[in-house]
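**Q** Checked TrEMBL, it gives:
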- 1-22: signal peptide (SIGNAL)
- 104-449: domain 'Peptidase A1' (DOMAIN)
- 122: active site (ACT_SITE)
- 332: active site (ACT_SITE)
- 459-495: region 'Disordered' (REGION)
- 475-487: compositional bias 'Polar residues' (COMPBIAS)
């Protein structure tokens, strides 16, 4: 008995009280640096030297030992919860204007050996897909894209040592109805709101190469297993310049890259994107933003959070916040511009037009209805816009107009807000510019703060060059691009709080855990007795 650390277990009575089970359970806890613990260690080891080396309570050595032990126990957990991940080629995002359909992109590396892809960033969908074993894909040659200085890539699963097909039996396979057997590769088809635009093929699993930074470690490489689409056949705008090298869905679905990284315990379940007005920006996985940022809750669709919906309480033009101008909107980086429900749109453009003294003009082939020829003085008087969310949280939109030079020496500008049929709107990229946008899926909130989008990965080479002849990187979009939004979900009807788990069920789970713990301790005690008797 002397060579065992005795743990006293007091088992209470199991009583029936109104049909429930009550359990009383207590432990005698011994601090590892207490006198009682010292006596027991000495009785077990027989080492008298322990008396001299045992730390005195509340001494500096005592506190240092406690701190050191805590850090050792928690270091792995702390690292996983504080590190930020970003693509191995850098966190920088890229914007090429009209040439790539007014979307923002980043370079990612996939496979072993790694292959690079320039993927569009889309918070309005979930799946990551890249061109693969192409039947019908966009051109890959850099000669088609003046802003690039290297070829785009096509993924080949047979050339990656870490690639494997995702079978129809896998929980992430959403198309089992189209499988002949559960061992078949899982097919997929991703359809988008733009007319006849889709990607189809089958799902594979491979390594996504990332880098990390944290408060407790220097920059390091991270290899994460992700599921993505081997896109054999694309259609619509994916053949005309939009996402020619693939698309990264950033939505809340369980097959999106942020969800897969969080599920693997690599990051907190959150990410941020930031677009500046210089055709650049950044993306960070695991980022929950600043303590000082403003925020608003996401709205569920029914009881599920299937898209990033928020509730706008009022829309302000200049100093006027319009009456009955609230609406629900999906926050979508895959939408180039911002769309408002028709009734809200009519109120906004009417108020905007009142504040603009410049001459209104009509531009041929342009879907923007409110365009003006303005002198430099008139341009300075363009009214500001902001969205008001719950708790009076204010979202200022510094990029709600598009300007371009006119042949007569005036500056022509257009209001880049458009109407859309339906009950909900879309907050697109143009409203996000100049903001650090945080999609916090832990707390189910959208956060934002003003930012110049400095790159945390030390601005590694991003493989772009200026357009020829010093031309603008962002020419006026075509009519088709202006009228394209990325609506993938049905708007929520009301903001509901997802039901919490039953407290009774939690209590029963706790009781089961205690019973299991007691059994384990008693078994260990019994084994000790048996060994002593031997």
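Placement of Cβ uses the backbone N, Cα and C atoms for every residue, glycine included.
No curator has checked TrEMBL annotations; they are predicted automatically.
From a predicted model like this one, the values you see are computed outputs, not experimental measurements.
What does the local environment look like for each feature on the list?
**A** Residue density at residue 332 (active site): 28 other Cβ atoms are found within 10 A of its Cβ, drawing on all protein chains shown.
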**Q** What whole-number Å value do you get for the CA-CA distance of residue 332 (active site) and residue 122 (active site)?
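**A** Given the Cα positions, residue 332 (active site) is 7 Å from residue 122 (active site).
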**Q** Quick one: average pLDDT across the domain 'Peptidase A1' (104-449), no decimals.
**A** 93
**Q** Other than its own, how many Cβ atoms are within 10 Å of the Cβ belonging to residue 122 (active site)?
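**A** Looking across every protein chain shown, the total is 25.
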